[in-house]
């Protein structure tokens, strides 16, 4: 899929991987890049505009933990402004297993709520045009970092939720896939808390292993968006992009 003249809404598009991905996106000659994030970063927005002045870059403050009704209200404003949204990227995330409720709220519940809100506009059963959802998971959604089970569990939930969305595409007209970064050099992993402090040096130990840069991750992130494969579970690790096969151990039969 060509991203030329597409309208993309990026939740948390100013974070570590998020900002580098936004930089790559504007190079693709989008029509609009709408960034939703908790904290405004005027310098980053200005930089994105300067990279490609042909792309309209706008920012709206957004906390993914707000009720669905609040998200729907914000999306209504965005649709009124740019008329159509082609791709929604759900990228909000925190890594701190001391914050159990917030980890689940940001990493999973917020993603579900944002998705639910945009379906109000996209669902073909309501006369919507359909759309594409790219959800950011993590390789910990496949195999947990067991010292951070809350974070890992939230990412496993993202993978399962998104796989379900993909199977619902014939009904809703909305396709979906996950991008799942491996350990990436960002502020997220430089210092974080393990669950019940089971490993005080978890961040330090993790970074002893091979990592990738956020730029490497961002380049493959955008490649995955361009490949636009419904139901794909993309692994973005050590500078590579790979579609993995989820092992089926049970089938509901429906």
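Every residue gets a Cβ built from N, Cα and C, even glycine.
For 151, the entry in Swiss-Prot reads active site, proton acceptor. According to Swiss-Prot, the feature NAD(+) binding site maps to 10-33, an assignment based on similarity to another entry. The annotation substrate binding site is assigned in Swiss-Prot to 138 on the grounds of similarity to another entry.
Listed in sequence order, 94, 95, 96, 97, 103, 107, 138, 140, 145 are the same-chain residues six or more apart from residue 151 (active site, proton acceptor) with CB atoms under 8 A from its CB. Local packing around the binding-site residues 13, 16 was summarised as the count of other Cβ atoms within 10 Å of each Cβ; on this measure the leading residue is 13. Fewest other C-beta atoms within 10 Å: among the binding-site residues 19, 25, that description fits 19.
Shown in sequence order, 10, 13, 14, 33, 35, 44, 48 are the residues of the chain, 6+ apart in sequence, with a C-beta less than 8 angstroms from the C-beta of residue 22 (NAD(+) binding site). Sequence-distant contacts (6 or more apart, same chain, Cβ under 8 Å) of residue 31 (NAD(+) binding site) comprise 5, 6, 7, 55, 56, 82.
Cβ crowding, taken as the number of other Cβ atoms within 10 Å, peaks at 10 among the binding-site residues 10, 28. Within 10 Å of the C-beta of residue 138 (substrate binding site) there are 27 other C-beta atoms, taking all protein chains into account.
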